[in-house]
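S.K.: Sharing a structure here in structure tokens format.
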């Protein structure tokens, strides 16, 4: 269950500085209800099972890359890593992510940092014509698949085509330690749509840095 922020708590987030924009919890945080216009929201929030699925899926993929078992790339394979942290769930990151997901506006919010660190973000959306929604794993797999366009010979983030690989690189950013996600499932024009927002701390995707230290 997600608890509405008190006015004071939301106000604290208004003091957090980002490179641009007002903090998502300052803007929208006093209501945890979806704000989706004509979209029929069926579920908002992440269940415990889904939370475990998200964390496990991330860590399995991070370990696969860290061990040098990811053969895809442009060119592949991806080199093994020596500093791949094991991600743990963070409720504060999740609360910020859920608040943004609740706006049903596909894309990135402008300001999501915490007092502890700068926060990165991945977003995914998928629609099906059936009566079910794409699973968390299915959405996360879309981020993993971007590895096919990543060139490990260009060591830093900035040398790669960010728009094609940015979700992958945040997923396997070695120094990132925590993750928290928000989710909205809704129906619009008979399409069952699942919108996922994941926040990561400390953030990855610094242009001048390697995505992880190589073995």
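Just so you know, the numbers here start at 1 and follow the chain as drawn.
From the backbone N, Cα and C atoms, a Cβ is placed for every residue, glycine too.
Quick paste from Swiss-Prot:
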- 1-10: signal peptide (SIGNAL)
- 14-26: disulfide bond (DISULFID)
- 18-111: disulfide bond (DISULFID)
- 36-104: disulfide bond (DISULFID)
- 55-200: domain 'SCP' (DOMAIN)
- 181-198: disulfide bond (DISULFID)
S.K.: Sort residue 26 (disulfide bond) into helix, strand or coil using the DSSP assignment.
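M.R.: Helix, per DSSP.
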S.K.: What whole-number Å value do you get for the CA-CA distance of residue 181 (disulfide bond) and residue 14 (disulfide bond)?
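M.R.: Just about 21 Å between their Cα atoms.
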S.K.: Quick check: of the disulfide-bonded residues listed here (36, 104, 198), which one has the Cα closest to that of residue 18 (disulfide bond)?
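M.R.: That would be 198, nearest by Cα distance.
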S.K.: Any same-chain residues 6+ apart from residue 14 (disulfide bond) with CB under 8 Å of its CB? Would you list them in sequence order, or say none?
M.R.: 22, 23, 26
S.K.: By a 10 A CB contact count over all chains shown, which of the disulfide-bonded residues listed here is most packed: 18, 111, 181?
M.R.: 181
S.K.: Between residue 104 (disulfide bond) and residue 111 (disulfide bond), how far is it from one CA atom to the other, in Å?
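M.R.: Rounded to the nearest whole number, the Cα-Cα distance is 17 Å.
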S.K.: Using Cβ-Cβ distances, find the residues under 8 Å from residue 36 (disulfide bond) that belong to the same chain and are at least 6 apart in sequence, listing them in sequence order.
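M.R.: Spatial neighbours, sequence-distant, of residue 36 (disulfide bond): 102, 103, 104, 184, 186.
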S.K.: Just to be sure I understand the packing, how many Cβ atoms besides its own are within 10 Å of the Cβ of residue 198 (disulfide bond)?
M.R.: 28
S.K.: Quick one: mean pLDDT on the domain 'SCP' (55-200)?
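M.R.: The predicted confidence over the domain 'SCP' (55-200), as a mean pLDDT, is 97.
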S.K.: To the nearest Å, how far is the Cα of residue 198 (disulfide bond) from the Cα of residue 111 (disulfide bond)?
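M.R.: Cα to Cα, residue 198 (disulfide bond) and residue 111 (disulfide bond) are separated by 14 Å.
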S.K.: Could you count the residues of the domain 'SCP' (55-200) that DSSP puts in helix, in strand and in coil?
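M.R.: Helix/strand/coil tally for the domain 'SCP' (55-200): 50 helix, 34 strand, 62 coil.
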